[in-house]
Amino acid sequence: MEQQDVTTVGAEGRREAEQGAPVVAVVLAAGAGLRFDPDNPKQLVALDGKPIVGWSIDAFEHNARVSDIIVVVNAHVRGAVEQLITDATYTKVRAVIDGGAERADSTSAALETLAAAGVPGDAKVLIHDSVRPFVTQTQIDGCIDALDEFDAATVACPSTDTILLTEDLGDRETVRSVPERRHAYRAQTPQAFRFSTIHEAYDLASDDPDFRPTDDTRVVVDYLPDTPVAIVGGSPLNMKVTTKDDMPFAAVIADEITKAAAKRHVHTMFTQALS
Ligand SMILES: Nc1ccn([C@@H]2O[C@H](COP(=O)(O)OP(=O)(O)OP(=O)(O)O)[C@@H](O)[C@H]2O)c(=O)n1
Ligand SMILES: C[C@](O)(CO)[C@H](O)COP(=O)(O)O
């Protein structure tokens with residue numbers, strides 16, 4: 001992917017000439033959805049008529065600072081995802097690639113695709129769960145901006161519950177430590193990295209076959225411990241659809257977003273008609 005100048009209009013209307021490396025979104029949609037319904041892939045389930053994976057791709061397609069999108073799929077959803085991309089006439093989706101058995105394998109496959117494509121080490125890579133359909137432009141911009149100061153950043157939500165870290169005692173879990181709540185966050189996505197950082201971390205981690213991280217931030221924390229990972233503000237609305245119990249909440253959020261967008265559209269129409 002070639003270097004390109006991107007002129008963007010920031011959230012406050014600021015115009016900024018943003019010259020630099022590509023901003024690549026990796027949308028992870030290769031999961032089996034075992035906790036949801038293996039016979040009904042959750043990434044394809046519609047919310048307000050749009051498949052969950054479509055909500056996530058839309059968010060990055062419509063961010064002017066994102067230059068490229070890679071979608072990671074499995075064989076069961078590939079056809080539907082490719083059709084969705086065609087029907088939506090997305091302009092930034094560069095490849096639909098096969099993921100792997102674990103989430104980390106899917107991220108790794110995306111990183112190898114970027115490496116083979118010659119993506120520069122200072123490219124900004126945003127890795128996102130496709131089943132977090134309500135990621136906001138503010139969160140995406142927050143990740144992109146954070147990488148001007150850090151080599152790694154993750155969207156995360158302050159925990160409103162006290163977090164307990166446990167250990168095994170016989171067949172029971174017992175509390176090992178209770179971190180201060182002000183330092184307790186729930187990781188979300190996007191998780192964002194300079195390409196060289198995340199590629200190096202995954203390269204180091206690949207020597208440990210037993211390493212099974214549930215997110216990408218941990219790979220940097222464990223294998224590049226001197227690399228700070230900045231927190232970007234998350235929200236309970238940036239939820240992950242994991243089980244069917246998540247669907248009623250997701251449906252309410254989707255409906256609210258759709259209604260708000262319709263109101264904005266009507267307002268714009270009136271403003272244009274009356275001007
Ligand atoms: N091998 C995998 C596993 C997960 N994911 C993606 O990572 C995100 C978060 O994973 P999760 O919610 O756990 O999805 P699944 O792994 O499909 O769920 P389950 O664990 O219930 O099978 C999802 O967008 C999922 O598609 C992926 O791309 N490749
Ligand atoms: C990456 C993540 O969304 C951060 O909370 C989470 O770890 C994904 O977990 P999953 O089991 O793959 O859904």
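Even glycines carry a Cβ here, placed using N, Cα and C.
DSSP assigns R35 (site 'Transition state stabilizer') to coil, not to a helix or a strand. Annotated site 'Transition state stabilizer' per TrEMBL: R35 (among others), in sequence order.
Annotated site 'Transition state stabilizer' per TrEMBL: K42 (among others), in sequence order. DSSP gives K42 (site 'Transition state stabilizer') a helix state.
Here TrEMBL flags R181 (among others) as site 'Positions MEP for the nucleophilic attack'. Cβ neighbour count for R181 (site 'Positions MEP for the nucleophilic attack'): 13 (other Cβ atoms within 10 Å of its Cβ, all protein chains included).
The 10 Å shell around the Cβ of K240 (site 'Positions MEP for the nucleophilic attack') contains 17 further Cβ atoms across the protein chains shown. The site 'Positions MEP for the nucleophilic attack' annotation in TrEMBL covers K240 (among others).
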Task: Protein Cβ atoms within 10 Å of R35 (site 'Transition state stabilizer'), excluding its own - done: 14
Open item on the list: I'd like to verify something. Among the recorded sites R35, K42, R181, K240, which ones have a C-beta closer than 6 angstroms to some atom of ligand 2?
Closed with: K240
Open item on the list: Can you give me the Cα-Cα distance between K42 (site 'Transition state stabilizer') and R35 (site 'Transition state stabilizer') in Å, rounded to a whole number?
Closed with: 10
